[in-house]
Amino acid sequence: MPLVFCPNCSNALTIARADSTNTHPMGVNRFECRTCPYEWALENKWYDRVNVKEKEVEQALGGKDEWKNADSIGTQCPNEGCNGERAYFYQLQIRSADEPMTTFLRCTTCATQWREN
Ligand SMILES: [Zn+2]
Ligand SMILES: [Zn+2]
């Protein structure tokens, strides 16, 4: 998974699972900063659905709205004709809860989408 950095103090964020609530019975994954109070909850409507079909998720992520609020990270675009070095990214739990989350990325330059486990 990509490293994400705190916008306040630039330290690497760690991923943590928040306590479960009524709306998120499985808990919500979030990034936390170890040195300042910054945290970023990875909330989305797919997260609570246990058996989301991977295709469904990919189609859903093709919509503009889903990417509008996504954060971006520095990464190399896999498209050979593109020199893009930034991509929006999204992490979803699309397999069982004890498997690692899947990271969906979308180049900010050419909009190529790909994913990393
Ligand atoms: Zn911080
Ligand atoms: Zn690109």
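The count begins at 1 with the first shown residue.
From the backbone N, Cα and C atoms, a Cβ is placed for every residue, glycine too.
Annotated features in TrEMBL:
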type	residues	note
ZN_FING	6-36	zinc finger
BINDING	C6, C9, C33, C36	Zn(2+) 1 binding site
DOMAIN	73-115	domain 'TFIIS-type'
BINDING	C77, C82, C107, C110	Zn(2+) 2 binding site
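Within the set of binding-site residues C6, C9, C33, C36, the entry lying nearest in space to C82 (Zn(2+) 2 binding site) is C6 (CA atoms). Listed in sequence order, the residues P78, N79, G81, N83, G84, A87, T108, T109, A111, T112 complete the 8 Å Cβ shell around the Zn(2+) 2 site centroid, once C77, C82, C107, C110 themselves are left out. Excluding the listed site residues C6, C9, C33, C36, the same chain places P7, N8, S10, N11, L13, R34, T35, P37, Y38 with Cβ atoms within 8 Å of the centre of the Zn(2+) 1 site Cβ atoms. DSSP assigns C82 (Zn(2+) 2 binding site) to coil, not to a helix or a strand. Ranked by Cα separation from C77 (Zn(2+) 2 binding site), the binding-site residues C6, C9, C33, C36 are led by C6. Taking Cα separation as the measure, C110 (Zn(2+) 2 binding site) is nearest to C6 of the binding-site residues C6, C9, C33.
Non-local contacts of C107 (Zn(2+) 2 binding site) by the CB criterion (under 8 A, 6+ apart in sequence, same chain) comprise C77, N79, C82, G84, R86, A87, Q113.
Of all the binding-site residues listed here (C9, C82), it is C9 whose C-beta has the fewest other C-beta atoms within 10 angstroms.
Break the zinc finger (6-36) down by DSSP state and the numbers are 0 helix, 11 strand, 20 coil.
Most buried of the binding-site residues C36, C77, judged by other Cβ atoms within 10 Å, is C77.
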